[in-house]
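Annotated features, as they stand in TrEMBL:
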- A:67-286: domain 'ABC transmembrane type-1' (DOMAIN)
- A:7-34: transmembrane segment (TRANSMEM)
- A:71-93: transmembrane segment (TRANSMEM)
- A:105-124: transmembrane segment (TRANSMEM)
- A:155-179: transmembrane segment (TRANSMEM)
- A:200-224: transmembrane segment (TRANSMEM)
- A:264-286: transmembrane segment (TRANSMEM)
């Protein structure tokens, strides 16, 4: 293909991409380094906007709390999907006949909008008429019929568990695909040598799954750090009750669009930049460790 | 969150990740005894029930009256009533939100797929070094969390007069889908033999005719994957319409639902109906295009 013809083919995509993705992404960083008065940009501010995040209320209380929730969200999700999710994928793998149907069923909630999922579970967990608590009461577990979303102690865990419930079809699917890449010869040879199923899994299959587990964990990390719609549906933009379901994205949203502070653009851009650095740094570090491991097992 | 699926793929790794490789990935495992026996089967089906029952409850409760829901939270829709749907659809404005969501999503997917297919073809076939460079530029978009740029996007839209515009939202989504679409489609175009184009050129076809009549029909499976897979996150997206739309008559479903939920917090059955209406197009899409969705989900997996 001639160069000029090729460029004509690329032009529409490039124009859209440059205007609506590249330009905003690049300016997003620059916003964080200037003084702002409402929407008018002042002089260069260096890292002052970043300093604001660590010195001024409400950031001094809200930011560590929100960040902690993001981390708990990540750790909780990762632990469950890498134990329970992996177990499910492994069990499914030896059941080729029911595998497709079950994978499809597990993936169903994944498709549904997080907003819908949030409202659905809010209704299901309602203390007055929610089916969950009604069922618990009926089978004699009255003490378990708690106001799940009304209590700051349980609300965050509801958000995490519901998110895992929604998202788990994805790791199951990816682990299933990865299991397909484990050479049967290896596990069979191990069994011939007298290894039990358990030994074959932990000594052979699991190490070969590490790249897939790593990929899933990195994606989960990005996903957990960006969490917005699901917590918004559960606790609104302030992370009710009492900030117990607050996340960094919600804090960013409040700062940028709800706070009314005159330098809202500067401080919220600094927050977005910080979040980006956390996401990018974390994902990058994990990916390079993973790459190294991959080279080792393929060598 | 679905857009994050391929984000860890460094651009350089793309060559080893062809999106559809049925021979390796879909290979049925050799028949051996199910691990874990009957107990494990019970666990698997039990969890399937846990995955599905909340969605079924949503459906079932949407066909019950509000009074019925409050007096018997565990009851079934006997007899079913569609009153809550009528209420959500008309007085709840869900019809408007639904129309907006459909227009924005379909438009964005169409624009994004069209421009990405053209670009992917040129990137796959162009020999000049500028195409390598452009390809890396596009693929870098896979790693950019675009939601974090919402503030500059807001002011960009403000400057362009696109605030509260469905067209603006559509263009935004179309642009954000380009990296993933190019990522999948270039791999496909590269697998097609170059002799096809040489033969077409000998027969006097222009570049455009070759592309449109010969190459596009050959990548149709990949087009389906890209279109179906982009549909879901756009349909479900919440932050962009929340920030970029102002008037209720422009709202898409996710933002419309927060409105509706706020106003009808005690009208549970109507809320259930609204949730079902929002979900139905995705379930339908999933049932007719499971294969494409699975291909999209695993497209980022190198191994």
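Glycine is treated like the rest: Cβ placed from N, Cα and C.
Note that the coordinates shown come from a computational prediction; the quantities given were computed from them, not determined experimentally.
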Same-chain residues at least 6 beyond the ends of the transmembrane segment (A:71-93) with a Cβ under 8 Å from one of its Cβ atoms are 99, 102-103, 106, 156-157, 159-161, 163-164, 167-168, 171-173, 175-176, 179-180, 201, 205, 209, 213, 216-217, 220-221, 223-225, 227, 247
Maximum Cβ pairs under 8 Å to the transmembrane segment (A:155-179) among A:7-34, A:105-124, A:200-224, A:264-286 is reached by A:105-124
Contact set of the transmembrane segment (A:200-224) with the rest of its chain, CB cutoff 8 A exclusive, min separation 6+ beyond the ends, reads 70-71, 73-74, 77-78, 81-82, 86, 90, 167, 170-171, 174-175, 177-179, 181-182, 186-187, 190-191, 279, 282-283, 286-287, 289-290, 293-294, 297
